[in-house]
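I have placed the structure first, in the form of structure tokens, so that the comments after it can refer back to it.
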Amino acid sequence: MEDFVRQCFNPMIVELAEKAMKEYGEDPKIETNKFAAICTHLEVCFMYSDFHFIDERGESIIVESGDPNALLKHRFEIIEGRDRTMAWTVINSICNTTGVEKPKFLPDLYDYKENRFIEIGVTRREVHIYYLEKANKIKSEKTHIHIFSFTGEEMATKADYTLDDESRARIKTRLFTIRQEMASRGLWDSFRQSERGEETIEERFEITGTMRRLADQSLPPNFSSLENFRAYVDGFEPNGCIEGKLSQMSKEVNARIEPFLKTTPRPLRLPEGPPCSQRSKFLLMDALKLSIEDPSHEGEGIPLYDAIKCMKTFFGWKEPNIVKPHEKGINPNYLLAWKQVLAELQDIENEEKIPKTKNMKKTSQLKWALGENMAPEKVDFEDCKDVSDLKQYDSDEPEQRSLASWIQSEFNKACELTDSSWIELDEIGEDIAPIEHIASMRRNYFTAEVSHCRATEYIMKGVYINTALLNASCAAMDDFQLIPMISKCRTKEGRRKTNLYGFIIKGRSHLRNDTDVVNFVSMEFSLTDPRLEPHKWEKYCVLEIGDMLLRTAIGQVSRPMFLYVRTNGTSKIKMKWGMEMRRCLLQSLQQIESMIEAESSVKEKDMTKEFFENKSETWPIGESPKGVEEGSIGKVCRTLLAKSVFNSLYASPQLEGFSAESRKLLLIVQALRDNLEPGTFDLGGLYEAIEECLINDPWVLLNASWFNSFLTHALK
């Protein structure tokens, strides 16, 4: 940007701008956007006055070629660009000779024909907003305001534009050229966004009584009174160097601001160790459903009835056996637990009337799996406060894990389309206002793109499981209730379908606090052989429970059916959020909406229809080692949704920390890409804060590896 300014503007203007910035303690090399803005403003002021004269008769005339004999007086006195002392001297002399009221702020020009001061504004925003800010700041009827924008708009006091059309057109053309030149060098966006509003001087108002006493009590250390603190704040130079600001604030701080260059950032260090394992509350891409179409059986909609009906669609059950044991668990107990579920479901069918819920017998295998009587006994603090060596358990540091390829596959799968629709197009009443019409149009387009997405299936599955588990936890606190894992969808032909993924058995659930844990055992059907990626299934015991006939291109093939069993736990607060997973749809819709808004503001009309219907256009989806991945607008919707859903499924403190800390580094890198010349201090500390969140969580590790791809491509 600095080079551009020096090439684009007359050397005299550049010199004046540098002088003005130095007077305010600003550096043209650092605040390059401000440098460009000051030069532009100076040039507009000079162009405003160029060629305008007043002849002997006091008439205003335009003379383009200089006639040395003519007795002409410049129509405008230029005040902008002079140093402050000189500028006020000129103003004082004008006011003394003409009797015009003296302005409070330094204006830019004086018009000898109209006998008024002029404030010139050049804005990258809306002219009327800038006009109001200027008017608010000067609060003077006498000073005439004239605002130009880079888009050719202008606004002046009482629509009196002072100059003829041709002179104003010259100024507008020049501003447009500057904008084009900046845009062609990739400088315009950053320049446009860097404009700040006019600072208005606040009127002082006195604080008295109680508020005054509170103010005096709440001062920072070393300040005796509010006045003394105010004086300090007012004297605080807002645009000095950061180092100076910091040392003004505290004697202990000494930060060196280092420039952040393309070569500065290094990739994030991902942990070494065994590959990370699956930790979601239910299976994702590996889940298998037993389904019934057009359910119309008696008691349809009662989970237990639906589950039994789904189980009856499968005929390939066989004697279960363990194919992948759980390293630390008592595996025969998992096997016995599954056999118990089968036996108790059989018992239900032999009863006259099927009950609505099923509580499992409290067998030794279930007590073990659900951690019954495993919690250490709670002792009243009064009884043990005299124990001399009372201490908290030592807990081990979590073991570091490396990124495994399965989590990227999980994410890719979540972005794919399934052959069923998982959400209904909500029928909402007629739109009354135009904005409602646009909103429902966007919602309908978005719903069409994501209703068949696998991430949407995960949402509905998550909502169902968490709702059922929270209900059972409150309604049957002491019981080991059997909870079917069910979802509902519609086929391509619009037929209703009920799916069973497996079962959950809930442990004792006296949940007083939000964070109290309820244990559960999950048993889920799958066709995935766990021996292919044993590290993914570290927390599971996997049984082979049947053979399933699958239709393929070469006819029917038989595949072993597996049951993934594990002990897990959740809490009231986690279940509450799980029940609200539909919010992910809203979050991703809002992200898409901001993309549409950006398009619409450029084109100055609503672009919703074009945005979704222009199938040829591709959009950036994300970074991969290959570069920036692009795809259709539908793919963008589904990717954003999948990210939001995974943030919910894999929510963790590691993710919270990583998201917050890596965002800071992301903003610095984006500032560098926008040529804003960012500076940093303690970059090492920021890396430390990010990397302490990279421990063993698969979703966080995947995000960190995406972040590294982004760094590589962003800094090329």
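Just so it is clear, glycine is given a Cβ too, placed from its N, Cα and C backbone atoms.
Bear in mind that the values here come from a model prediction, so they are computed numbers and not experimental data.
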Task: Further Mn(2+) 1 ligand in Swiss-Prot, beside ASP108, GLU119, ILE120, within candidate set HIS41, HIS52, HIS74, HIS297 - done: HIS41
Task: Given ranges 124-139, 412-427, 556-571, 668-683, the stretch to which Swiss-Prot attaches the annotation motif 'Nuclear localization signal 1 (NLS1)' - done: 124-139
- [ ] Using a 10 Å cut-off, grab the number of neighbouring Cβ atoms around the Cβ of ILE120 (Mn(2+) 1 binding site), all chains included.
- [x] 21
Open item on the list: For a quick check of packing: other C-beta atoms within 10 Å of the C-beta of GLU119 (Mn(2+) 1 binding site), how many?
Closed with: 23
TODO: Taking the Cβ of ASP108 (Mn(2+) 1 binding site) as the centre, count every other Cβ atom within 10 Å, in any protein chain shown.
DONE: 23
Open item on the list: I need the nearest neighbour of GLU80 (Mn(2+) 2 binding site) among the binding-site residues HIS41, ASP108, GLU119, ILE120, using C-alpha distances.
Closed with: ASP108
Task: DSSP three-state assignment (helix, strand or coil) for ILE120 (Mn(2+) 1 binding site) - done: strand
Open item on the list: On the three-state reduction of DSSP, what should I expect for HIS41 (Mn(2+) 1 binding site)?
Closed with: helix
